[in-house]
Amino acid sequence: MIRHLFHVLGREASGPLKRLLALMVGAAVLQGVAFALLVPLLRTLFSRGPGHAWPWLVAFAGCSLGYAVVQALCLSQGFTVGSRISRVLHRRLADKALDLPVGWFTGTRAAELGRLASQNVIQVMNMPAHLLRPMISSVFTPVTLVLAAFLFDWRVGVVLLLCAPVLLGVHVWSTRMVRRLDRGRDTAIDESADRVLEFAQNQPVLRAFGRTVDGHADLENALRAESDADRTLIVRGVPGLVSFAFAARMVFALALALQVAWALDGTLAAPTLIALVVLTGRLVDSVSASADLGAGLRIARNNLERLDAVLEETPFPQPTDPKVPTGTAVEFDQVSFTYPKTVASSTNGAAVAPPAVLDGISLRLPERGLTALVGPSGAGKTTVARLLARFWDTTAGTVRIGGVDVRDIAPERLAATVAIVFQDVYLFDDTIEENVRIGAPDASAERIRRAAELSGMDRVVAELPDGWATRVGERGTALSGGQRQRISIARALLKDAPILVLDEATAALDPENEAILESAIAELAVEKSLLVIAHRLRTVLAADQILVLEGGRISEQGTHSELVDAGGTYSDFWRERTRAEGWRLAAR
Amino acid sequence: MTERPAPTTAPHAAGRPPLRRILYGVRRRIAVAFVLQAAGSIAGVVPFIAVTLIAERLTAGTAPSGGRLWPLASLACAGGLAAMVLGFTAGVVAHLADNRLQLGLRLDLARHIGRMPLGRVSAAGTGELKSAIQDDVHALHSLVAHTLLDATALLTAPLLALAYLLTIDWRLALLSVLPLAAGVYLFGRAMAGAKANMAEYGAAQSRISSAAVEFANGIAVVKSFGRGRRAHARFLAATDGFSEFFTGWVRATLIPSTAALLVVTPVVVLLVLVTAGVVFTGAGWTPVVDLVPFVLLGPVVSAPMGLVGARMQQIRTGQAAAARITALLDAPVLPEPAVPAAPADARVSMRGVSFSYDGSTDVLKDIDMDLEPGTVTALVGPSGSGKSTLAALLLRFHDVTTGTVTIGDADVRAIPAADLYRHVGFVLQDVRLLRATVADNVRLGRPEATDEEVKRAARAAQIHDRITALPKGYATVVGTDVVLSGGEAQRLSIARALLADTPIVVLDEATAFADPRSESLIQDALSTLAFGRTLLVIAHRLATVRSADRIVVLDGGRIAEQGRHEELLAAAGRYARMWRSQGLDASVDLTAPTASRDTSRPDLTPKGTHR
């Protein structure tokens, strides 16, 4: 586990930790030597009287004080090193996050990263002080004591030495057993946590359909299953938990019995026996301390594994010799894409192999002009946008911008070339102005005004009492969906990238603001390459080319009138949308 | 385990401090564990006493005899074993008590949440509720299963040891308390300001967590704007802040806290006692053999000090968790009517209704509105005008602040919850499906419905074909085997409402995210659901509801105007302005040449002709 810790920390932070571990071993050995010195001290007290005990007492005192000094260093260094560990781990996590593909960060992963950075790192930070020190002391003090026993009576030494592997074996066996049982319980805990969340989130539905706890059997069953798993662990885990303590007591009993027997046959002097019993007592006491560390060790191992899992993720390959695109025309050449298994399972909860989202699509976006991408939900439209911005790399095929593979373009240049407005808007907990300025921190007031006008942002700002200085709240929750969407459009426009992707950017806009955006799109298409993903076909009408994506393939391509005449999926869509717009709701 | 745990928080336990109240139901089991643990601790001191006696007999001057030593050696071993067995039994009893407590508390909490007003439930946030049921209950575990017993052991053994030592030599015994006293004093110094610092520690920790979540959630934006380094720096600023705070805190208390731990370590305690022992025996105040019990038991007297910090922290955590749990259990529940009323028919009427979430600003003001049986009433208005809140009052997700909401002349507050929802159903924008089979999700409102009825509802809701295409058909588990798209989930919830077959339905018309095909299917399903029912529709697009029997225009929580589409257009008021600004008067004719605008009800039933 210590090796695991070094691994997670990386090379740069391992020096101070190594020195700290050496200090801890030193403290443990000094403690053992101090205990061992009690033997000659007591022996002298009993056999020759207090007057002769002073030299041994001085030795004992010297050793004790040495121990106190080293131990004090361990305690203070433990915190210093811990604090350093937290810095290093936070930095490594943050660096790692920058190296991972954007697509890696699902909602679950973001939450997990938050937990890792707060709880897990802090628990690891406390490891040196709260776990490593007692652990090292529970190993090195007993070892010193066993070695010392040889000096006083070799038979006692041999007996204690023989007991060591037995204790170790029992320890390993019991930890494994408890860990195995723990795993079964973890599954039950996860299930019931899921059900509790479901119960809380679905209160309106559950109540309206008459389901209280007693009617929502899934929740009650999950809670009972967790409780049963817990009981199983308690009852079945007892042998595992008792065995080590039992073994330690047995060592004491055996040593005591043998010493009494040897005292009776005259081979062990009474003062030595008394001193050795004291020593055995201290030995058993130090060893037993390790039994209490079991839970802490399991948690620490778990923490390290989780940190390791993130730190060991394959980083996104960056070009070593970046190429500069000539122009901004986009080309997808036989592109296929399948989401990595882990992402699919974390968003779906299903462990099945994910199907291909894109299946050998080829498309071109000219340097200027409007391309619309339409298709049923789940057809892979958003994936096309993600691959263009290189949130993921293709499974097969190539995405090129200006004739250069996106994998060969330096990340900063790629970011400057492509601007995307996402379906789910993400705003930082800051002012509206700061959120828009992310697009171009040094933009002039004039450019900001222009972006605001095109996106309809100027109206948002006018609606709000604090205007540009309005704080958007955590994740932008202080604003309405339409306001948030306009901010995200404004910041993409401010960035003024030659390629602009709008993924369902109008979904939350009311018809009035949608109209504003539509005219902006028409204006922008004159000088930029625009890719618009839309369900509302009105946005699509004016496109220079329409691509219909269905089941991961491009099924149709052309202008609005061409496609309506073709009588394919697009014309079906058009008919249904037209009918939908004429639909009204009525009773009777 | 089929036995239902007794309610943990019996009414007569009310008024006690939170922790005692929560532990009330398992107090006997905890008491048993206490006694076992105390007995175990006492047994744990026995071996030391036995060894002391052995030492006495060995040094008594007469030759040692087996008959005098073996019983004592056996006693030492037996004491050790008994201590272990008693200690573990106490642990098992405490764990089982905790196990019972946890299940009981979780069920109690879940039941209570099920009876709290919905508005309160959503205000609390699902995160808070989940953390009460899972995390807070779990936080009691260390307290009930470990800390209480540890505390017993830590008090019993030292006291017994001290008592025994006093019988040997009271002066040395008092000296053995010295390290403990020093430890207590130093610990107190180290803990000065701990409370404020602990709060800051927690705050700094949650700052890291939200900085990390913000960093991860915003990564797409950050990276696509080439601003990775800046967000990176923001996150690291939060973590460095924590690190600095922590280092500062540790540095300020380093000397007393290190000294507090050192002074009670066995080595230091032994140093004090042995030095005193050599002096005492040298001066002839104490026989040498009397030092043996001090060397053996001296460290036991001071041992608790080393653990007290961690235990106190656990007790505090447990108390805080208990306080949160009892606060939730004490949250008022939705009052059940004393005299239950039954709705006479499906007529809904609101009289003088006002509503406020926070008690100061009214979200709705003086609403008078009637829904005639079998008619469609549409709520329109800008976002934030109170449409959803008004609909929520009919569903009794909240209770009105003033005024009344009646269904068939019965006040909704007087209708028992189960009866109310036999009259009112809903299809909301935020569709909630349970992790259960498709069939069970449809069956939610009528568990006894047959498979045939489920299928009929699914067919009417235009979702049957999609379900049969799923790997396990109706037995497919939603969320595990399949993730349904927004449009599919919405149709499933319409099937659910159809099967529940309530005469009144609240509908949130939202098809913004659906692609054209599923939007059409949803519309067909809604038309089926609307048929013959009293409908309250929250409308986002005016075109959808222009044939409604009544359109209610909300503005700033008040009814601005109401009437039929044509009447409202003629009135040239707020509605007419909205209609014009949506550009509908022009576009409908252009985009919907096939839709007949003037026949009164062209869309009553699924058309089924479009495919």
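Even glycines carry a Cβ here, placed using N, Cα and C.
Residues or ranges marked as domain 'ABC transmembrane type-1' in TrEMBL: A:20-288.
Mean per-residue pLDDT, taken over the domain 'ABC transporter' (A:330-576), amounts to 83. The domain 'ABC transporter' annotation in TrEMBL covers A:330-576.
Feature annotation from TrEMBL assigns transmembrane segment to A:20-42 (among others).
Feature annotation from TrEMBL assigns transmembrane segment to A:54-75 (among others).
With a threshold of 8 Å between CB atoms, the same-chain residues lying at least 6 positions outside the transmembrane segment (A:131-152) that come near it are 2, 20-21, 24-25, 27-29, 31-33, 35-36, 39-40, 43, 74-75, 78, 158, 160-161, 164, 272, 275-276, 279, 282-283, 286-287, 289-290, 293, 296-297, 300. Annotation source TrEMBL lists transmembrane segment at A:131-152 (among others).
Sequence annotations record features per position, and here TrEMBL assigns transmembrane segment to A:158-175 (among others). Counting residues 6+ beyond its ends, the transmembrane segment (A:158-175) has Cβ neighbours under 8 Å at 142, 145-146, 149-150, 239-241, 243-244, 247-248, 251, 254-255, 258, 280, 283, 287, 290-291, 294, 297-298 in the same chain.
The transmembrane segment annotation in TrEMBL covers A:241-262 (among others). Tertiary proximity for the transmembrane segment (A:241-262) is limited to same-chain residues at least six positions away from its ends with a CB under 8 Å from its CB atoms, namely 153, 155-156, 159-160, 163, 166-167, 170-171, 173-174, 178, 268, 273, 276-277, 280-281, 283-284, 287-288, 290-291, 294.
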Near the transmembrane segment (A:20-42), which residues from the same chain, at least 6 beyond its ends, have a CB less than 8 A from one of its CBs? 2, 53, 56-57, 59-60, 63-64, 66-67, 70-71, 73-74, 77-78, 81, 128, 132-133, 136-137, 139-145, 148, 151-152, 271-272, 274-276, 278-279, 282-283, 286
